[in-house]
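Have a look at the structure below before the remarks.
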Amino acid sequence: MDFGSLETVVANSAFIAARGSFDGSSTPSSRDKKYLAKLRLPPLSKCEGLRDSISLEFDNLCSEQPIGKRLFQQFLKTDERHVPALELWKDIEDYDTADDDLRPQKAQAILAEYLDPQGTLFCNFLDQGMVARVKEGPTGSQDGLFQPLLQATLEHLSQGPFQEYLGSLYFLRFLQWKWLEAQPIGEDWFLDFRVLGKGGFGEVSACQMKATGKMYACKKLNKKRLKKRKGYQGAIVEKRILAKVHSRFIVSLAYAFETKTDLCLVMTIMNGGDVRYHIYNVDEENPGFPEPRAIYYTAQIISGLEHLHQRRIVYRDLKPENVLLDNDGNIRISDLGLAVELKEGQNKTKGYAGTPGFMAPELLRGEEYDFSVDYFALGVTLYEMIAARGPFRARGEKVENKELKQRIISEPVKYPEKFSQASKDFCEQLLEKDPEKRLGFRDGTCDALRANVLFKDISWRQLEAGMLIPPFIPDSRTVYAKNIQDVGAFSTVKGVVFDKADTEFFQEFASGNCSIPWQEEMIETGFFGDLNVWRPDGQMPDDMKGITVEEAAPTAKSGMCLIS
């Protein structure tokens, strides 16, 4: 075994040990006591001023923010007047994610318990006309069956109950968490593991948050390389989009900070590797995927693209190596450095961006384009997943970009026998040369794609709720990445000097914690439950008063929590 191979074996062993069962988020022994001690709720004297600086908008505070939602629901549970609305809210959410065979029974239970005046939790705040329409309508497994009721319930809760919440101890507890969330964070909070890959401006490595033990991927953008190659705009756009979009089909940004040499984006770690690696490297004798596996990934990519396009974001770099698998075998799209956000009133953009072989004809011709370019790239990606080669060149064929451009613009695509008629037809609709005729995002949704016969066996509701079992589940003992020596190294960048404007850009970039992923981390790793301790008499907890109590180090399954 040469030194390079030995280095990979050692690095892989350390990485696998750190991530534990797979995500490394529930191993108390992996937590650093020094940083663990810093995760403590502050006294109210330090955080009450946040009341004037945070958004007090109901949806953001009580629905979108995970800790905010939990605390608001805990508050509602303490007042019997609000319990019917709380339980209806929770039961409708449960109905929306339930298996189809369970939904009729759950629907009947909702009708009997909350809409019948004789029900134990009758919701008298609901408009009786709306209730009558729901009762008269079809019951069973219909999507959106109870959405009018849910909207009315949240509207009710956003009035009097919300105002009561803002004056409660539960809201003060929320302010404590927001103070903790806002504390500075930097590279010293993270432990680096092996390099997973390389991008245009730096490496991506596995890392572990020292306080919680949660594993992440850290994308390091070399400052000098960014400046020399004029990469500031792409870096800040990627960071802003990742922080803005929260989707189970797009990698999430948890932290952003700077080091002496790099700008760092700490994101969802995708332990299953990228789709390109699986196409060509997992089974080299039989590259490519069976069609059902390719269809499953395509469906998840469609949902991710829809979430981007609904926020007016053109991705521009969809390809197999930017589609990553998580622990369970579900995918997320990543690397949004080439994405562009359309301004209000702007329907198209212009500019040469993307990867040769994946760029749409209108983009290659220098024309204005819209979201449709991403669906052309989806067609190329689906084709490659099935055929183990691109649609415009043979596997291993070296083609000059000029020739490749000509093929994309004018030549028809040929399909090998591996394609069923349905997958061929779907690909052809995506690889349509005319963007006006191309299948894609229409009227704010991807429903036209979902309706295609290719997805007849996909339950889109369950897919988007994360309830389907993927066709391939990664092995927790395997590192799905190239050997370290095959990743390659960057050459040293010389002759770059930073000025005041550079420093200001770096400081703007290093914004610290991202609210929703940070709160999810606190919940998933058990810290929310461990620190959210209340007195049995309902009086103000000691931590709010600033009274320190000697506590044991929290664990993911601690019994300290009274309400979680």
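Count begins at 1; order follows the chain as displayed.
Cβ coordinates are placed from backbone N, Cα and C, and glycine is handled just like the others.
So that you can see what the record holds, here are the features copied from Swiss-Prot:
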{"type": "REGION", "residues": "1-15", "note": "region 'Interaction with RCVRN'"}
{"type": "MOD_RES", "residues": "Thr8", "note": "phosphothreonine"}
{"type": "DOMAIN", "residues": "58-175", "note": "domain 'RGS'"}
{"type": "DOMAIN", "residues": "190-455", "note": "domain 'Protein kinase'"}
{"type": "BINDING", "residues": "Leu196, Gly197, Lys198, Gly199, Gly200, Phe201, Gly202, Glu203, Val204, Lys219", "note": "ATP binding site"}
{"type": "ACT_SITE", "residues": "Asp317", "note": "active site, proton acceptor"}
{"type": "REGION", "residues": "456-564", "note": "region 'C-terminal'"}
{"type": "DOMAIN", "residues": "456-521", "note": "domain 'AGC-kinase C-terminal'"}
{"type": "MOD_RES", "residues": "Thr492", "note": "phosphothreonine"}
{"type": "LIPID", "residues": "Cys561", "note": "S-farnesyl cysteine"}
Diameter of the ATP binding set by C-alpha atoms, the set being Leu196, Gly197, Lys198, Gly199, Gly200, Phe201, Gly202, Glu203, Val204, Lys219, in angstrom:
14
ATP site shell beyond Leu196, Gly197, Lys198, Gly199, Gly200, Phe201, Gly202, Glu203, Val204, Lys219, criterion: Cβ within 8 Å of Cβ centroid:
Lys220, Leu221
Could you state the CA-to-CA distance between Val204 (ATP binding site) and Thr492 (phosphothreonine) to the nearest Å?
17
Within 10 angstroms of the C-beta of Gly200 (ATP binding site), what count of other C-beta atoms is obtained when all protein chains are considered?
15
Taking the Cα atoms as reference points, how far is Gly202 (ATP binding site) from Thr492 (phosphothreonine) in Å?
11
Can you tell me how far the Cα of Lys198 (ATP binding site) sits from the Cα of Thr492 (phosphothreonine), in Å?
15
Here are the binding-site residues: Leu196, Val204. Which has the lowest count of other Cβ atoms within 10 Å?
Val204
Quick one: what's DSSP say for Gly202 (ATP binding site), helix, strand or coil?
coil
If one measures from the C-alpha of Gly200 (ATP binding site) to the C-alpha of Asp317 (active site, proton acceptor), what distance in angstrom results, rounded to a whole number?
13
Do you know offhand how many angstrom separate Leu196 (ATP binding site) and Asp317 (active site, proton acceptor) by C-alpha?
19
Count the Cβ atoms, other than its own, that fall within 10 Å of the Cβ of Thr492 (phosphothreonine), considering every protein chain shown.
8
The residue listed as 'active site, proton acceptor' versus Thr492 (phosphothreonine) - Cα distance in angstrom:
27
DSSP-assigned states of the domain 'RGS' (58-175) in counts, ordered helix, strand, coil:
84 helix, 0 strand, 34 coil
Just counting, how many other CB atoms are there within 10 A of the CB of Lys198 (ATP binding site)?
15
Intrachain C-beta neighbours of the residue listed as 'active site, proton acceptor', sequence separation six or more, cut-off 8 angstroms:
Asp335, Leu336, Gly337, Leu338, Ala339, Ala353, Gly354, Thr355, Phe358, Ala377
Can you tell me how many other Cβ atoms are located within 10 Å of the Cβ belonging to Gly202 (ATP binding site)?
20
